[in-house]
Every structure is written in C-alpha cells, then in structure tokens.
Amino acid sequence: MKSFSYRNSSASSFPSPARLDPNRMSCEGSPMTMSPWNQTDGGSNFPWSFEENLPQNVLIGSLVREEGHIYSLATTKDLLYTGSDSKNIRVWKNLKEFSGFKSSSGLVKTIIIAGEKIFTGHQDGKIRVWKVTPKNPTIYKRSGTLPTLKEILKSSIRPSAYVQVRNRSALWIKHSDAISCLTLSEDRTLMYSASWDRTFKVWRISDSKCLESINAHDDAVNSVVASLEGMVFTGSADGTVKVWKREQQGKTTKHSPVQTLLKQESAVTTLAVNTSGSVVYCGSSDGMVNYWECEKLFSHGGVLKGHKLAVLCLAAAGNLVFSGSADKTICVWRRDGKLHASISVLTGHTGPVKCLAVEEDHEKSKDGDQRWVVYSGSLDKSVKVWSVAEMAPDMYQMAMMQPRQQHFGSDADSLPSDGSSRAGKNRGGKSSDP
C-alpha cells in the first residue's frame with residue numbers, strides 16, 4: 001500500500017493532565033479508562049496541543065463491500081486477502097478490489113499464505129487450498145482440500161485410522177468441527193490447524209499430508225501459534241493456554257505437552273507471539289491480555305487492561321502489540337523492557353473487531369521512525385487500514401504535553417505479574433461470535 005494519502009482520524013484522543021489522578025491504580029491508565037469518552041467531569045478547559053513533528057497514528061482508508069461480516073485477513077507483498085461469512089475471499093491491491101474467489105461452503109474463518117499457496121479454514125471443518133493461475137494473477141483456482149481425497153481413501157480402509165468424536169467414529173486426519181485458526185511453523189514447512197473439535201493438527205506443506213492430531217483441550221481450540229525452537233501455543237474456550245514442543249523422532253513428527261500457562265474461567269479467544277519469539281500474548285473473553293516471557297521459562301509478565309469487552313484478535317509487529325475487541329476498538333501497546341505502554345486507541349469500527357493483520361510500511365518508515373500498516377476486519381462488514389508509528393508518544397506522555405502540565409508519579413499501563421492470572425469470571429464460548 002504505497003500511494004495512499006494520509007489523513008488524520010479519530011484514532012487517538014488523550015485526556016488532559018487535569019483529569020489524571022496521581023493516586024489512580026495502574027490498571028486505570030488503560031486506553032479505555034483514559035479515553036475522553038469515558039470521562040464524566042464535563043470536559044477539559046485546556047485545548048489539545050500536539051507537536052507537529054511527533055509521529056501520529058492515522059486512518060488511511062476503509063474497504064467496504066456489503067456482502068458479509070469480515071472474519072479473516074492475510075497480507076503478502078502488496079495484496080490483502082479478506083474472508084467473510086459470504087464464503088467469498090476478496091483480494092485487494094492499493095485499497096482497490098483486485099480479484100476474488102469463492103468457496104463452495106463454510107464461512108471463511110482464517111486465511112494463511114505459504115509461498116504460492118493460499119490456505120483457508122472454514123466453518124464446515126475443511127481446509128481449502130488455492131493457487132494463482134500462472135498466466136493471469138487475477139484468477140485463483142482451488143487446487144485441493146485438506147485432507148486430500150487420496151489420504152481419506154487410504155485411511156478409510158484402516159480401522160486404526162478412526163477415533164471417537166462425540167459418540168461417533170471419524171478419521172483422525174479430518175477435523176469434525178469448525179476450523180478456528182491456521183498458522184505456520186517458523187521454517188514455514190508445517191501448518192497447524194486449530195478446531196472447535198478440541199484438537200489441533202499438523203500438516204506438511206509440501207505434500208499436504210496430515211502428520212499428527214493432538215487432543216489438546218477440554219473445549220474448542222480457538223487459537224494456535226508457532227514460535228522458535230519448535231514451540232507451539234494453543235488457547236481454548238476451556239480457559240487454558242498450553243505449550244507444546246515439536247520433536248523429530250526418526251521420520252515422525254511428535255508434539256509433546258510442556259506446561260499450562262493459564263487456567264481461568266474466561267475463554268481464551270486469541271494468541272500471538274512477537275517477532276523475536278520472546279513474548280507470547282493471550283486475549284480472553286474477559287477483555288484482558290495476559291503475556292509471558294518465553295526467555296524466562298514462560299514467567300507471567302503481566303496483564304494489559306484496555307478493553308471493556310472480549311478481546312477477539314491479537315497481532316504483534318516490532319515492539320508493538322495490537323488487540324482488537326468486541327468493544328469495537330483496537331488498542332496499540334508498545335513493549336519497553338518488561339512493561340507495555342498504551343500509545344493509541346484506534347476507533348471507527350461500528351462492530352466488533354474480529355481480525356487483524358500487520359505489515360511493515362517500507363516507504364513511510366525512516367531511521368528511528370518505524371511505521372506499520374495495520375488492517376482491521378470487523379463484523380460491521382468493513383476493513384480499515386491504519387498507519388501506526390512505533391515511536392509515537394504513549395498516552396501518558398501525550399497528556400503531559402498539554403498546557404499547564406502537572407507531573408505525577410509514573411505508572412505503567414501493563415500490570416506486573418503477581419503470580420496470578422487475574423482471571424475474570426465469565427466463561428466464554430467458542431470465539432466465532434463475540
């Protein structure tokens with residue numbers, strides 16, 4: 001997305017220092033509670049004053065096609081793929097519709113790109129594979145379904161290939177419920193699929209073969225992410241986050257459980273790992289984002305409190321973390337050492353934010369000013385495109401730039417871990433519907 005003209009949006013607003021209580025808890029410094037829309041004192045007497053040379057987060061544009069709620073996003077090079085409950089996958093280039101293709105059934109819950117292949121996971125439990133035709137980049141054709149027909153026929157004649165799923169027999173290589181998430185291994189040779197059938201499966205990209213199926217949780221598996229050194233994380237509606245380790249045993253790929261990071265009543269809805277693989281983030285139906293330091297034996301780092309309703313999606317890029325919520329907002333957090341500061345709240349969607357995708361903005365990024373293009377898909381049937389600066393001042397700093405500054409003791413927007421998960425008490429369900 002290179003040729004866009006930037007315009008200021010209602011992405012971020014900050015309270016004046018007059019509203020900041022020096023005795024407030026750090027959790028009260030969250031983007032949601034600091035928002036001027038949640039203030040009740042009648043408004044500030046001070047005008048906003050932003051320095052012109054400060055990087056700001058701006059809305060680039062919106063993609064709207066009145067055909068369905070947006071459930072999934074994926075980006076590669078200069079193309080954006082969007083999936084909806086209309087069964088369509090739309091392809092966008094430079095904020096304009098470039099192409100599209102349609103599945104035969106099942107809303108498109110997740111999209112992932114591996115080389116020349118596009119994988120889509122669907123409500124009907126199937127994974128479909130698509131390729132661009134060599135002679136025309138605007139034409140996409142389905143090249144297969146996972147598991148392949150060959151693998152199904154081969155397995156169906158073996159009694160050992162059947163497992164019991166909800167009081168009926170099913171092939172272990174097939175998902176028996178909706179696909180909730182797809183992700184790639186760090187070397188991009190394997191794909192992981194998570195499902196409401198409580199399992200996650202491992203697929204070899206080269207030949208589309210299912211290598212392993214793991215009965216991972218006691219309820220729907222809502223998210224799976226892979227990290228460095230063969231580590232895999234799964235999050236479930238049963239309120240747990242689990243860590244798995246991939247090992248090669250001869251010609252066999254085996255995933256073994258390592259530990260459970262979280263046990264809570266609220267459903268785990270989404271997971272993300274930062275670029276370096278040092279931090280794993282978990283979003284829940286209680287609106288919280290927990291995180292763990294992978295390099296410190298998965299010690300609990302803290303809780304990010306910025307949403308009033310369920311966190312539905314997460315994305316990490318550089319030192320930034322983005323959380324999309326059923327409260328229709330996207331919180332932007334910057335990691336600095338052990339703490340996270342809220343630097344923006346992106347507003348504009350009129351429905352829950354269901355999915356996020358992030359890519360580096362090479363043209364706008366300069367030395368010391370890393371910028372990212374953020375795509376947010378919503379159940380309001382739109383995709384919004386944002387430009388976000390990594391070095392933008394955090395919300396507390398912006399408040400301090402107002403006239404008649406008052407200086408208070410610094411506190412973080414992330415809550416340091418005290419060894420507890422600080423879980424909410426609402427049991428969430430499967431994460432397709434907020």
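Glycine is treated like the rest: Cβ placed from N, Cα and C.
Note: TrEMBL annotation is automatic and uncurated.
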Problem set entry | Of 1-29, 59-87, 349-377, the range TrEMBL labels region 'Disordered' | 1-29
Seminar exercise, completed: Counting only residues at least 6 beyond its ends, the same-chain positions whose CB falls under 8 A of a CB in the repeat 'WD' (304-333) are 27, 30-32, 57, 269-275, 279, 281-291, 340-347, 349-360, 370, 372, 374, 376, 378, 380, 386, 388, 390, 413-415, 428, 431, 434
For this session: Grab the same-chain neighbours of the repeat 'WD' (261-293) for me: Cβ-Cβ under 8 Å, and only residues 6 or more beyond its ends, written as numbers and ranges.
Result: 186, 219, 222-229, 231, 233-243, 299-319, 321, 323, 325, 327, 333, 335, 338, 340, 414, 421-431
Exercise. Cβ under 8 Å to the repeat 'WD' (214-245), counting only same-chain residues 6 or more beyond its ends: which ones?
Worked result: 177, 180-181, 183-186, 190, 192-202, 255-273, 277, 280, 282, 284, 290, 294, 298, 423, 427-431
Problem set entry | Mean of the pLDDT scores, which run from 0 to 100, over the repeat 'WD' (172-213) | 96
